[in-house]
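**Student:** Pulled the feature table from Swiss-Prot, pasting it below:
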type	residues	note
TRANSMEM	33-53	transmembrane segment
TRANSMEM	77-98	transmembrane segment
BINDING	His83, His182	heme b b562 binding site
BINDING	His97, His196	heme b b566 binding site
TRANSMEM	113-133	transmembrane segment
TRANSMEM	178-198	transmembrane segment
BINDING	His201	ubiquinone binding site
TRANSMEM	226-246	transmembrane segment
TRANSMEM	288-308	transmembrane segment
TRANSMEM	320-340	transmembrane segment
TRANSMEM	347-367	transmembrane segment
Amino acid sequence: MTNIRKTHPLLKIVNSSFIDLPAPSSLSSWWNFGSLLGVCLAVQILTGLFLAMHYTSDTATAFNSVTHICRDVNYGWVLRYLHANGASMFFICLYLHVGRGLYYGSYTYSETWNVGILLLFAVMATAFMGYVLPWGQMSFWGATVITNLLSAIPYIGTDLVQWIWGGFSVDKATLTRFFAFHFLLPFVVTALVMVHLLFLHETGSNNPTGIPSDSDMIPFHPYYTIKDILGFLMMLTALSTLVLFSPDLLGDPDNYTPANPLSTPPHIKPEWYFLFAYAILRSIPNKLGGVLALVLSILILAIVPMLHMSKQRSMMFRPLSQCLFWLLVAVLFTLTWIGGQPVEHPYIIIGQMASVLYFLIILVFMPLISIVENRLLNW
């Protein structure tokens, strides 16, 4: 008799996606981050659901409701810190996942890549709105500064900002709508994940060599399920350690002060995972120019497939491109550090140099070095 997993209308979808799925035999641990992101999303939706049961999206009570969750709700502090640090884990996995795609040339699957970019924007929007909800000082001022950037859009900017705020400043209407969207967006992200997987399974996975692996495939289960479970355990161990030993390591102390529109914090900055983009924004003295650079710092991923000049797909056998890739990683770390520093000498000039280098590496150096490598191999 045929196995039920191969005949049942629902189970056969699961079977063809996670059990009998043909996968390249050479996938390294860099291919674990897709499944880790799935676990992160599940953790965020579950903890967020329970937090939403106790949270109130009103400026008068939001800060106190978060305090109430931490002090009075059974294991509320675990939920709150799992959710806050889970976001950090989410972004660590996201950036490593995108980095893997850049290194191994996975961006040549353009549909999967473009849906991935949409996912990145959706997750960033969700995280930004979530940061506003505790209604601490950094929540309030972060929301004010970042939403105010839209006023740089010519003609409609000011009206657009007031429309998003629901008034003439960040207030109760803003908090309520941010909570509504923060609750809704993870489900949009989940739907996009399904589209992402649908496109991926149309083409099959890439592999470290970048060479078609149709002749050497193995079933996803048990080989990659067991490998993914090891990844889950390692990530959840790291997350638990962070939550139980130093839950505020990645947060901002200013957010333990209730929001006060009359007192500006000495240094307004977003969460650590947005600092690289924030540094690029600040490095341009013009407001509209800064906003464009901020958007382009992520949107540049969409034109990476067009800039692929190499005859090889992966960077595995391209040492010159590898050097440039790791230089790009170093530049991103530098930008993250600069984004957390005050706007003063020498941080301003370092930020400007790193921002220029970031765009130069992706737009100019990578394509040029690929052409050089082709010539060296007489291609």
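Here the Cβ of each residue, glycine as well, is placed from N, Cα and C on the backbone.
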**Student:** Please work out the number of neighbouring Cβ atoms within 10 Å of the Cβ of His196 (heme b b566 binding site), leaving out its own Cβ.
**Tutor:** 21
**Student:** If we check Cα distances from His201 (ubiquinone binding site), which of the binding-site residues His83, His97, His182 wins as closest?
**Tutor:** His97
**Student:** Cα-Cα separation of His83 (heme b b562 binding site) and His97 (heme b b566 binding site), in Å?
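**Tutor:** Pair distance, Cα basis, whole Å: 20 Å.
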**Student:** What's the CA to CA span in angstrom from His182 (heme b b562 binding site) over to His196 (heme b b566 binding site)?
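**Tutor:** His196 (heme b b566 binding site) has its Cα 21 Å from the Cα of His182 (heme b b562 binding site).
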**Student:** Considering only Cβ pairs within less than 8 angstroms, which of the stretches 33-53, 113-133, 226-246, 288-308 has the most against the transmembrane segment (77-98)?
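**Tutor:** Per the Cβ under 8 Å count, 33-53.
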**Student:** At a C-beta cut-off of under 8 Å, are there same-chain residues at least 6 beyond the transmembrane segment (33-53) that contact it? List them, or none.
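**Tutor:** 69, 79-80, 82-83, 86-87, 89-90, 93-94, 96-97, 100, 182-183, 186-187, 189-190, 193, 228, 231-232, 235-236, 239.
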**Student:** Under 8 Å between C-beta atoms and at least six residues away from its ends: which parts of the chain pack against the transmembrane segment (226-246)?
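**Tutor:** For the transmembrane segment (226-246), the list is 29, 32-33, 35-36, 39-40, 43, 78, 81-82, 85-86, 88-89, 93.
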**Student:** Hey, which of the binding-site residues His83, His97, His182, His201 is the loneliest by Cβ count within 10 Å?
**Tutor:** His201
